[in-house]
Amino acid sequence: MKIVDLLAYQVLDSRGQPTVAVKLFLENDQSVVAMVPSGASTGTKEALELRDGDANYFFSKSVKLAIQNVNNIIRPHLLNKNVLNFFELDNLLINLDGTENKTKLGANALLGVSIVIVKGGAVAASKPLYQYIKEDLMHNYDEHYYAPIPLMNFINGGAHADNNLDIQEFMIVPLNAISFSQAIQTGSEIFHELAKILKANHLNTAKGDEGGFAPMLNDNYAALELLVRAIKKAHYFPSKKQGVCLALDVASSELYENEKYVFKKALSHNTNLEQTSFSSDEWAKYWSDLASQFPIISIEDCFDENDWNGFSLFLKNNPHIQSVGDDLYCTNLKYLQKGINFKATNAILIKPNQIGTISETLDVIKYAQENNINTIISHRSGETEDTFIADFAIGVGAGQIKTGSLSRSERIAKYNRILEIEQELKDKLVYEPNKFFKFN
């Protein structure tokens, strides 16, 4: 099926900042739309998110240049092309930019087009998006699919909230569930119990960027204790063994300065932490000790993006924890290969806008899976209502998904899309935590 037209335009993300939307028009008056997310805590290895820098528009945040690049440079090369030739078209995008970090056209321009080509291909193939991704892009024809285990961000801190918590995300992971819908039920009940506990203790129930609560607390322990209380109050068992466990995104690159790890918010708010500055070895011990006191099964970016030795030593000493690389890898095959050589982590966070195209994202996922590295499909803190990553997580067999809390519709939309897919696939969609958490 031929591409008839392509149009990029500016929309807003969940923070009210401009982002790129792309609409693809196919034969027979069919069309699809993609919207590009944006991060707050970004790794230095990420592909360039092109913004205008014009102070007269959206405080320099507008994306008119990226939109012009789609409409004036990319569009003419795609007209009348067969939308089903995904890899050929995606390679065309990469070559049109011609730079390693997408600095010519912008990763936000390229990704919008890349996603919309995938969506258009699914329409042309008359397949659900997740099935098209699995069969036509991953070349996997097994009739069974894996439902992603949700890592739900219930307490927000760091760059995602205006509170005194330095850890960016405090999450719950429902390993107890036997289906995705039961996992969502578990999460919803815990989320609402957490709200009751916060109110009862006169703590703020305002939400952060990703829909989690953003209270002012004494320290990181207090946040974890609140989650454990909420799990118990909702009549679940806080445990790494088929219970409801915890996960963290430390975003350590945001806390690293002068070769030290520093709890910056804790310092500025005079909280009760006994220690606020750590060497790499002390930092590793802090997280190991924390994981021994709470049912923590996964820690993301527990070291700076360039502290390869720190990651490697932590994984060696904590093989029972899922150690996730986000800023460490930035969904870039070159850095993942280095990480595997270093034995740096046993999991990678996948954010398509960090690399800029879906084909390059698929290369990273395939390489990770071939090397027994867990893959977690992730949203960004500046999200849209686009549910692409829900289908993507199922289509590539990622096994896990991070898409925020159980509030804010741009987060809920992804969960609801997976629930919809569950209804379509029924028992062909398998929720199997033990497959993806073998080390717990």
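Every residue, even glycine, has its Cβ placed from backbone N, Cα and C.
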Which candidate from E225, E300, E305 does Swiss-Prot annotate alongside D249, D326 at the Mg(2+) binding site? E300
Which residue of K196, K199, K351, K428 does Swiss-Prot report at the same (2R)-2-phosphoglycerate site as Q168, R380, S381, K402? K351
Same-chain residues at least 6 apart in sequence whose Cβ lies under 8 Å from K351 (active site, proton acceptor): G39, D326, C330, T331, S378, R380
Could you check which of the binding-site residues (Q168, D249, E300, S381, K402) sits closest to E210 (active site, proton donor), going Cα to Cα? S381
If you draw a 10 Å sphere on the Cβ of D326 (Mg(2+) binding site), how many other Cβ atoms land inside? 29
Integer Cα-Cα distance in angstrom, D249 (Mg(2+) binding site) to K402 ((2R)-2-phosphoglycerate binding site): 11
Relative to the Cβ position of S381 ((2R)-2-phosphoglycerate binding site), how many further Cβ atoms are located within 10 Å? 25
